[in-house]
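Note sheet for the following structure.
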Amino acid sequence: MPARKPLKVATFNINGVRTRLASLLAWLEREKPDVACLQELKAPDEAFPTEAIRDAGYGAIWHGQRSWNGVAILARGMEPLESRRGLPGDSGDTQSRYLEAAAHGLIVGCLYLPNGNPQPGPKFDYKLAWFDRFIEYAQGLIDSEHPVVLAGDYNVVPTDEDIYNPRSWRKDALLQPESRERYADLLAQGWTDSLRQQFGEERVYTFWDYFRQHWERNSGLRIDHLLLNRALAPRLKDAGVDRWVRALPHPSDHAPTWITLGHGKAG
């Protein structure tokens, strides 16, 4: 029996699914992720490009919102089975930032954590409150016997090694001690930061601002993360960033970030 190909799971802040649809389809065709988590759809549910994505060979679920936010989970050759829409803990929160589904034998949580700028202020307060709810929810998944990946735009630069130069970003919500402490609290639960696990001390970026030639100078940040629970972490094989997508015309300011996983407990 031929060896099974590793499972590829990716996350991509698309920054407008209608605006970047051509880039999304080109990426799906070339890289063929088995699961793709999308953030910042910036489209209501009825405007999601269902037909184009199905024609590309993907089933999809999505949680849209007009002009802002929005998350989706795509699964190659199958329909994701939705298990949660939105985080528990705040019935008044109407922002579309979390979606969860079963796909290809995994539980996949797709998240778009609030940016939090400007800080201090109500947007930063919302970021921290949302983060706290997410940490509480993640605690229930870390010890699950099912393999779980929490993938998305966390809007957190975990350490100074995850940014080209922290000096000009010190006041940004992405680098605040409160943001970093909460990310560290997640890892302390037992989650594996898959890119850092794979790259060690090597600098790797997933986001390049549109301004001041940050892409051309490789002045990037690592804010897109794929965290693995204890049941899934031993299956990690590889990780990377599809930088070529960031170089396309009219790109998102993020590049797709991915991992590959072996099958079964032994990989």
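Every residue, even glycine, has its Cβ placed from backbone N, Cα and C.
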Candidate from Asn13, Asn165, Asn229 that TrEMBL assigns to the same Mg(2+) site as Glu40, Asp153, Asn155, Asp253, His254: Asn13
C-alpha spacing of Asp153 (active site, proton donor/acceptor) relative to Asp253 (Mg(2+) binding site), in angstrom: 12
Per DSSP, three-state class assigned to Asp253 (Mg(2+) binding site): coil
Distant-in-sequence Cβ neighbours of His254 (active site, proton acceptor), under 8 Å, six or more positions away: Phe12, Asn13, Ile14, Asn15, Asp153, Thr206, Phe207, Ile223, Asp224, Arg246
Integer Cα-Cα distance in angstrom, Glu40 (Mg(2+) binding site) to Tyr112 (active site): 7
Pairwise Cα distance for Tyr112 (active site)/Asn155 (Mg(2+) binding site) [Å, integer]: 8
Assigned conformation of Asp224 (site 'Important for catalytic activity') - DSSP reduced to three states: strand
